[in-house]
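Asker: One structure, pasted below without further comment.
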Amino acid sequence: MAANTTSTAATSSPGGMSLSLLPIVLLSVALVVGLPGNSFVVWSILKRMQKRSVTALLVLNLALADLAVLLTAPFFLHFLARGTWSFEVTGCRLCHYVCGVSMYASVLLITIMSLDRSLAVARPFVSQKVRTKAFARWVLAGIWVVSFLLAIPVLVYRTVTPKNKTLICDSRYPSDGHKVFHLLFEAITGFLLPFLAVVASYSDIGRRLQARRFRRSRRTGRLVVLIILAFAAFWLPYHLVNLVEAGRTLAGWDKNSPAGQRLKLARYVLIALAFLSSSVNPVLYACAGGGLLRSAGVGFVVKLLEGTGSEVSSTRRGGTLVQTPKATPTCPEPGPTDSFMTSSTPPESSK
């Protein structure tokens, strides 16, 4: 998201003006849905959840990352509507840096959720030992530090340049090598590696649950597919366009050619689509709430997270972990926060 969020200004041609409406619509939907939705999630966890599970902490940070990027949407909407950047170089770099940090934080949080669930299913005793709030806070701190570091190239390459009597907040590279490096670096660290980890984790979960013939393995399998597809749907097109541009740059093709301009316009729309990823999670929580939404009202997020935080209670008797099933929500949570807790999964520590 940080690479080229405003690389193409609203053009004066009729086609360009028509195309610019789609990003405006997508950004507006993301803002209208995501801002109150994620704010509600943050409020629910901080104000209504007395004992926050590790899952709740991960969801809280994911909502905060989504809120951060959504707060930049008004600046980009202003740019799209006016066709010029009005917030100077500092605003240009800050907005895009926030987008970059949020992108990395969101992807890393989803990856950690996936690895957490895989460990809980594959190594329940190990998961019980390491899955504490203290350890989770260290992991979360590490995620944010890494996200701030990975987004630094945005601060280096972003600037405001004049173009056709307007100002554009764009990336400016000293050489084509710098441009290719940035595009590949963002695609690999911001999508490819995390996506491979998510796929590997949930594939392992599905395989193990199917082998154990758990009662809900079929539903879990469907959720795994939905999670992976949703993750890819918002981010894969954006990174593919960046990879194509990196290839064109290496081949020495003219970026001002008709094909190059179409590529810019495609990214123009896909970046706005990526913004929607910051608004989809609250919608998934509401859908997952089902009966909880009707019975618990505004407290459904708390009930949902309490249900997904631990589907079993565990006690040690004579050195053996004994699980006792608890009540579960009407449906498991679809999305990166789905706990996939089974009868082999230990509870979250309250440390």
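Every residue, even glycine, has its Cβ placed from backbone N, Cα and C.
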Asker: Do ARG52 and GLN210 come out on the same side of the membrane in Swiss-Prot's annotation?
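Answerer: Result: yes, ARG52 and GLN210 share a side in Swiss-Prot.
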Asker: So how many other Cβ atoms are close to ASN164 (N-linked glycosylation site), meaning within 10 Å of its Cβ?
Answerer: 10
Asker: Can you tell me which of 22-44, 94-115, 180-200, 269-289 gets the most C-beta pairs within less than 8 Å of the transmembrane segment (141-161)?
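Answerer: The stretch with the most close Cβ contacts to the transmembrane segment (141-161) is 94-115.
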Asker: Considering only the recorded stretches 94-115, 180-200, 269-289, state which has the highest number of Cβ pairs under 8 Å to the transmembrane segment (22-44).
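Answerer: Answer, by Cβ pair count: 269-289.
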